[in-house]
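Residues annotated as active site in TrEMBL: 196, 204, 235. Feature annotation from TrEMBL assigns domain 'tRNA intron endonuclease catalytic' to 168-247.
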């Protein structure tokens, strides 16, 4: 998951996160550390190989067992077709065969479930790729961890917002965030942000927000474009600007009525 620049800057300013210079935190490993790392990787590969072999062997045994039970089931069907002069002993034998047939059916259902699972997971063992570097012996982030925007800028680790446009977007983002909106990128809908009334996993977005300079001249064609674009995806189109003199956000919403 990649955070938007606005999210990183906001979280950093709130003291919720710290930024780590990952590149500088990787020191030059010693020869001993390199050998230990290679040995660890080799051990993990061997474990994965053994798990794969065990998995395939168990699969073969289950398939072979089902084949035998399938032959037994075919015999039961043949016996049912020859239902002549059945003695009490024959009934007992048929009860046993019927019970075995039921067990076969249960095993077959179990295998079908496993086959569905294997289509998703595959026969190969799951390979876990670690994204964290903290497990490496040569990794040390001391001196490369920054808890404020100023420190991150001084070390050229984080310089956003760096332009007036970026600053306007950040101030608008913070203002909307403080109002309780859940905000995601709106680039797929022709805007800067999508605004949700709650968790994006539970709600649809209500607004497409675009940040414009407060002195920008908006033509009638722009209004038509924004209005139709928002209506097409059943959202209101929000025009956002930041008033530097009054130090506050200005919002206008466009919504077509009776369209489509």
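Positions of Cβ are set from backbone N, Cα and C atoms, glycine also.
Remember, TrEMBL labels are computer predictions, not curated facts.
According to DSSP, the domain 'tRNA intron endonuclease catalytic' (168-247) comprises 27 helix, 21 strand, 32 coil. All protein chains considered, the CB of residue 204 (active site) has 12 other CB atoms within 10 Å. For the domain 'tRNA intron endonuclease catalytic' (168-247), the model's pLDDT averages out at 93.
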